């Protein structure tokens, strides 16, 4: 796959809402086939940062973005970038499961169909493999025609992950994907993330320190829009360089 | 099992050249289509204003009728059947205001009670009972209201009061039923969007339900209720056929509520078919339409002001 | 206890007034049905009206009303959807959006007789379409459009924004998201709103007096050539609708049974509006099930 050689990093990335600088001059590298966790107290800019990685901020808010985001040799903030094509290469999953109001099958097949897969057999295969990758196939294979909304919250979230995988992205952005789920579903999603990093580079925003420690390879600590510390997860959680990081991960504030 | 993992190469790696910019074309077409539709709305309103105004102003600029003679004159004889043509529309303006204000006066208390009934007195089945009633009242066509007014209300008024039964009273009663749904639904929306704490703190102080409604709830929702009343009046002011059927259509200011009268809309309705375009009579009717349009603007401005106050 | 007494009195008044409204509706419906139903027969619904003799029907008027409604919807729906989608999805907060919102508000509070006069001047006379179904449909479109825009905008706005985000993240174009992700979710409310609005159009008369006209040519229901003047489906022929007919016989009807005809026609009109109301709700829910493969929540 082309994406295996992808370098994915930001260079001096800043995000402004009007005059308010929500993300301040952040340079971060996301190594391939690994999980990078973004942690920090609420309002520290980590979600805003994540949303600018696939230029989701373009559509939803009036944010102004400065700096560069490199994927391979391409700066995706460049005006000439085809944002729609770009987003196809970057999957995203949110805190609240948001399956389409369609059948389970349609939820997965919809993206590939739009991107040109017409063959029914091929679509069936994509649906099955995406659901398998998201560890949902066995639970839903007999009711693919049913509404996605009939699934439980945890299943819906895995369906959303499967949907993101259906267009074969090289990068997966996860915005607190398990914080609305029960413990059993959470551990399923976590297992899934560990499984998926074999193929993708994953960036996850989380409030759950244990989760970050369990599943991520690298951790970045954000505070008030600034990147305070970025290192191997093990180092961050055992021997952080910054006193504030230490305080945050040991739960003293945030 | 293995076959599945060997799925075809990812779509993202394999952009089909022919379809490369399909999504841009799509977006362009969609944006253009919806923008044109939105612009069309502006074109429509501008042309309505332009055409009605250009016809309506002819009375003053071509037929030489003075503004004050038109607005404040009380003689309406556009074809000059009794000497010089007279274009005083004061009686119709009076009729329009009288019927719509009276209609609002009758409908408002009823509507507010209905809103309170649905939200404060019996929120459960009260809403189930009244909601469909209000929707049905809103759905009944105005000619049907006119027909019922003509066959029920006019004879009833004739029996109870001196006169023919037709007139401003009959018009107001018919209109009040027609605008009931407008005021009620806006009032109900406002009441049901009140924060819970507002009421509870009043009850906690030992206030009765009525004290709570009177001192806390009604003052809070007053701007919204007034919005409803103004919208109701706007509807009453512009309603043509139902009023025309029961008001009698005499071109003078009546001495009582039970004497034949006219409104701006009723005169336009009756006369427009019997005049030739371009004659002073026809132009005067257009001037009345212009006045109606002007009143619409006033009503919209009042509603806007009330909404602004409501937001604060 | 003065406060308690006041509370009791106020509650009583509120309840009495509310029940009065219910009574008014029941009285209205009861009266219309009582006076009208006895006059409704197959003959009444299908035969042509009589000017001076007894036994006239409302066949052509009924047909005109339905046909005019269809024509109006054909014009209104694409325009209303387009403008509504623009307001919900494309318009950025600013002066122009504010102006369009004001236009919608003003347009929806214009008296229908004024819209009718505009139609008379521009569509009937200047464009030369004459008193015709087509002129009537255009005027009713103006009358109905603001409502349609509002219905569409609200329906689209009530779709959770997470749906849109999900579509964006999949690399779908905005238009594809609007048509394939948001529209199916919004459709049930749009349909319910449209059918309710259609009921309003169906009963409208003031705007039609000077546009669709107050007469109907002798129609030949075996003639389906849309260009023939006696064909019922010719959109360029004058057409008196049911609502206009009710108004006309009340103000100038001279047939001996004019009152009965008015009552019967009113009953037919009200029944059809009721049917629209019920159908709108039922069909909206059904559609929701089909479009989203699930039950409507809430």
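Placed from the backbone N, Cα and C atoms, the Cβ positions cover glycine too.
TrEMBL annotations: computationally assigned, not manually curated.
Tertiary proximity for the transmembrane segment (B:32-53) is limited to same-chain residues at least six positions away from its ends with a CB under 8 Å from its CB atoms, namely 286, 289-290, 293. If you look up TrEMBL, you'll see B:32-53 (among others) marked as transmembrane segment.
Annotation source TrEMBL lists transmembrane segment at B:92-117 (among others).
What TrEMBL lists as domain 'ABC transmembrane type-1' is B:93-307.
Per TrEMBL, transmembrane segment is recorded for B:129-154 (among others). Long-range contacts of the transmembrane segment (B:129-154) within its own chain (CB-CB distance under 8 A, at least 6 residues past either end) are made by residues 114, 117-118, 164-166, 170-171, 173-174, 177-178, 180-182, 184-185, 239-246.
Taking Cβ pairs closer than 8 Å, the transmembrane segment (B:166-191) reaches residues 95, 98-100, 102-104, 106-108, 110-112, 114-116, 118-120, 127, 130, 134-135, 137-138, 142, 145-146, 148-149, 153-154, 157, 217, 221, 224-225, 227-229, 231-233, 235-236, 239, 242-243, 246-248, 254, 256-261, 263 in its own chain, all 6 or more past its ends. The transmembrane segment feature in TrEMBL is assigned to B:166-191 (among others).
If you look up TrEMBL, you'll see B:212-234 (among others) marked as transmembrane segment.
Per TrEMBL, transmembrane segment is recorded for B:284-306 (among others).
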Positions on the same chain near the transmembrane segment (B:212-234), where near means CB under 8 A and six or more residues out: 100-101, 103-104, 107-108, 111-112, 115-116, 120, 179-180, 182-187, 189-191, 194, 198-199, 202-203, 295-296, 299-300, 302-303, 306-307, 309-310
Distal contacts, the transmembrane segment (B:92-117) - CB-CB under 8 A, six or more residues away: 71, 76, 126, 130, 134, 168-169, 171-173, 175-180, 183-184, 187-188, 190-191, 213, 218, 225, 228-229, 232-233, 236-237, 243, 247, 251, 253-254, 257, 261-267, 288, 291, 295
